[in-house]
Amino acid sequence: MSVKIYIPGDSGAVAVGADRLAAKLETELNKRDLDARIIRNGSRGLYWLEPMVEVETKSGRVAYGPVKPSDLDALLDAGLLEGAEHPLSLGLTEEIPFLKRQTRLTFARCGITDPLSLEDYRAQGGLAGLTNAVAMPPEAIVAQVTESGLRGRGGAGFPTGIKWKTVLEADGAQKYIVCNADEGDSGTFADRMIMEGDPFVVIEGMVIAGIATGATKGYVYLRSEYPHAINVMNRAVEIARENNILGTSVLGSPHGFDMEIRVGAGAYVCGEETALLESLEGRRGVVRAKPPLPAHKGFLGRPTVVNNVISLASVPIIMDKGADFYRDFGMGRSRGTIPVQIAGNVKHGGLFEAAFGMTLGELIDDIGGGTATGRPVKAVQVGGPLGAYFPRELFDTPFDYEAFAARDGLIGHAGIVVFDDTADMLKQARFAFEFCAVESCGKCTPCRIGSTRGVEVIDNIRDGIEPDKQVALMSDLCNTMKFGSLCALGGFTPYPVMSAFTHFPDDFRPASMSQAAE
Amino acid sequence: MEKRPLDAEIASTTQAIVARSKALEGPLLTILHDVQEAFGHVPQSALPVIAEGLNLSRAEVHGVVSFYHDYREAPAGRHVIKLCRAEACQSMGGDELAERLMGLLGLDWHETSADGAVTLEPVYCLGLCACAPAAMVDGEVLGRLDADAVSELATVVRS
């Protein structure tokens, strides 16, 4: 039997040379007439070790990384196929501390299986949740998801079960499930990883959502910046259709559900659910005023569930293992696990899935290993471009929706971007306004105009033009945007701006003044 | 006019694209993606054809095309570099790399070089935040960029 060698096809691994490495290994194996097969798996999420090569041995999978094509000769000579020792050896994959410390529920299969092998998917527990769901009345599925405590992982944290219940109870001959795969926040890549590494779990979650709410059609709205994910999801949908996971009779049951992948066109605001629906309908991605809620009038004016990729991908395990199993992880009202994405200037960047409740400091210093540059950590931005910058003094904040809100921050899509002490926080605040100006849909005035005025105000602060007055203006502007904007783009831009100012006031003093102070 | 046959070709290709996707629920973005795939940009003369096919006004179609960053009014260069400018890449020196690349190429954001060799675009997150700074070149992803990689990139797209 041939040896199985795994090299991720994940775009994070490909970006650092996984394709070239796989091609070279294939050539080498042929040249040496070795009986081995290369499988392009998803990533385990240990990005500083990518491209990470794994070999299946009798005692388990053994990892090596990061591997360059030029390392292959020596690796093969040392006995790569037997999992032999080598300077690049990381030992048994499952024993690598970054991985061993995790609780992988949503990402249980990611990096382990061949993403497009339905056999692998089933063998690793896939479809168990859907198999249970097809035999249950919709109300019971909704109840189970509600009891699990699952909240929207896209950022808003709204209880998933309540959203589903609203759609289930809404009148409508046609209902929809829309999967929000417009992950545009810097520092986040969990959606991309799961779509590339375990696409069937997203599909399974969507089918369960359909059965639970009476929706028979689903759409994944996937951003164009993720071409690899688009390819994998499209292929996975075809395979699911060929195997009756999608179609008129889901797993041979009376339930019908089918879905399509739709590609966005490069607009950050389309991650907001109503702008996403407008875009999906073929219009400008302009935010809708709520109410009506999408659950009542969503896609084409019909009852629609809009859920994030990770929310939907978390449903199969809940339907498999039960609401209690899932709810028993976490703290307070933040139940289950959260795939935290540790990124930016960090030594051990990657995906770390664990129960809610770890502190921010634990994630950055302990798990992330501090900065990649080796300098002190100055600030971390949690929750994407609309998330607050936290200083080291707030590193005791536990990962929990309410705990972050209590400190004027947000978990968002659980992305953490680390900055070292060379970061200029005035520049970061300026960028937040600038980004809002570039991406504003233009519907409401505070966001459309406030963002541009915000850039000007910060430039004035930087240039020392009436700084006190400008700071008052900035605070007032942020207040107007926070309470006057229709959606989170304008409404949350004040978080990065004001947190940068509150926690790093020195960076907001004009250059002449800070020099004078020294 | 020289352009006429080209317009006729655009019209017939666009008609075929519209016919293929018309039955979708909310087909416009899909159609625009296909038109851009076919011509490398969304030509002005495709707009009335799409408008007529979907029973929309030309202004509505133009409004959609102009809203999204992806759609181009003119063809891009032979190589397209999309350099990530978002926070994770900034934290790893992305801004300095951007300055360097712009200097080497002699281009500002959204510009195409006079010889048509290369277009430089900003992009806000490629999901490669743990391998920052990152870029996408002609659809291929690149991570852990440094000054040398950027210089090499500038040389390659210029050759």
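One is the number of the first residue shown, and numbering goes on along the chain from there.
Cβ coordinates are placed from backbone N, Cα and C, and glycine is handled just like the others.
Predicted automatically and left uncurated, TrEMBL annotations should be read as such.
According to TrEMBL, the features are:
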BINDING   B:Cys84, B:Cys89, B:Cys125, B:Cys129  [2Fe-2S] cluster binding site
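Neighbour density at the Cβ, taken as the number of other Cβ atoms within 10 Å, is lowest among the binding-site residues B:Cys89, B:Cys125 for B:Cys125.
In this structure, B:Cys84 is the one among the binding-site residues B:Cys84, B:Cys129 with the smallest number of other Cβ atoms inside 10 Å of its Cβ. Secondary structure at B:Cys125 ([2Fe-2S] cluster binding site), taken from DSSP and collapsed to helix, strand or coil, is coil.
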